[in-house]
Amino acid sequence: MNLRELVSALNDFASPALAESWDNVGLLVEPSPPHTVNTLFLTNDLTEEVMEEAVQKKADLVLSYHPPIFTPLKRVTWKTWKERLVVRALENRIGIYSPHTAYDAIPHGVNNWLTKGLGACTSVPLYPSTAPSSPAEGTHRVEFCADAEHLDAVLSKIKDIPEICCLTTLPARVEGEEQTRVSLNCSQKALLEVVPLLSQNSLLHHKTEILLLQKPLLPHTGMGRLCTLSEPISLSDIIERIKGHLQLPHVRVAVGAGRTLESPVKKAALCAGSGSSVLKGTEADLYLTGEMSHHDVLDAVANGISVILCEHSNTERGFLSELRDALAIHLQNKINIIVSEKDRDPLQVA
């Protein structure tokens, strides 16, 4: 597939608009076009060892779940390992694409894969995503009616206000009089200018309606998951299920105050990777994530919530084999998709 065609298909699989605002997702490194992709190489972290593997396996595009370019690069030299990744990629005509939190949000993504470690359960996002393109512009809609005497004057002033869009006028009959119905979308900042303007005329102000434009929530899409188990099971059994799902010999566990390893778990809140900010304040029997700060663990335990920590990338990496199969279907088996064998969590117990 042509690289741009493939990137479009990847964006359809998981819209970059679903990623968190702080994230850096999408196509990060692009070889000079035209660029044909025969082999797509999947990894959780793009290290130099993994990049060498991608070169040896003749990858044309690396899909790295974590973005290897996150903070801006001021130069591209051989001095730092992230700069060297870019150099090696371009020398070998390998593109780099990163989905990161877009894959956290989607219904068929990383967090839903992680829920499978709990056993039979239902889940909902902790922070639901909103439709990225609806409404298209503005935070508020303002509607009012004006007669011919005032219409031109007020419209000329409104058009001078920045951040006004979708301005429309329609004939309207109000209390038996022929008037014009004006509708516009505007930002919060523009609203602070529109309202005083209309307030100058008591007739206009009396006939003004202001609506908050709320984007609809996307079903089963968003950050984190709150899971309700079909049957409550003990914390010790949950630990074994998680270890089996993630193929780990051990995890770190903090038992909530007043709880034991035999206490039942009915509700579990989870977040792949680093879950402190997403999980904090959620009522549950258990928090499951890769890593949390010491003080956030203490807060959870004090509130009677047990915590299972598996290390950051261990809560994500196992998703890659499921992703390989899903992308093969999505891309109609047009390209070869392989998963890195060198990608691994940097931490181990010595």
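Using the three backbone atoms N, Cα and C, a Cβ is placed for every residue, glycine included.
As written in TrEMBL, here are the features:
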- H66, D104, H312, E316: divalent metal cation binding site (BINDING)
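Known features from TrEMBL, placed on the structure.
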| residue | record | Cβ neighbours (10 Å) |
| --- | --- | --- |
| H66 | divalent metal cation binding site | 17 |
| D104 | divalent metal cation binding site | 29 |
| H312 | divalent metal cation binding site | 21 |
| E316 | divalent metal cation binding site | 25 |
Write out, in the order they occur in the sequence, the residues of the chain not among H66, D104, H312, E316 that have a C-beta within 8 Å of the mean position of the C-beta atoms of the recorded divalent metal cation site.
N44, Y65, H100, V110, A272, G273, S274, G290, S313, T315
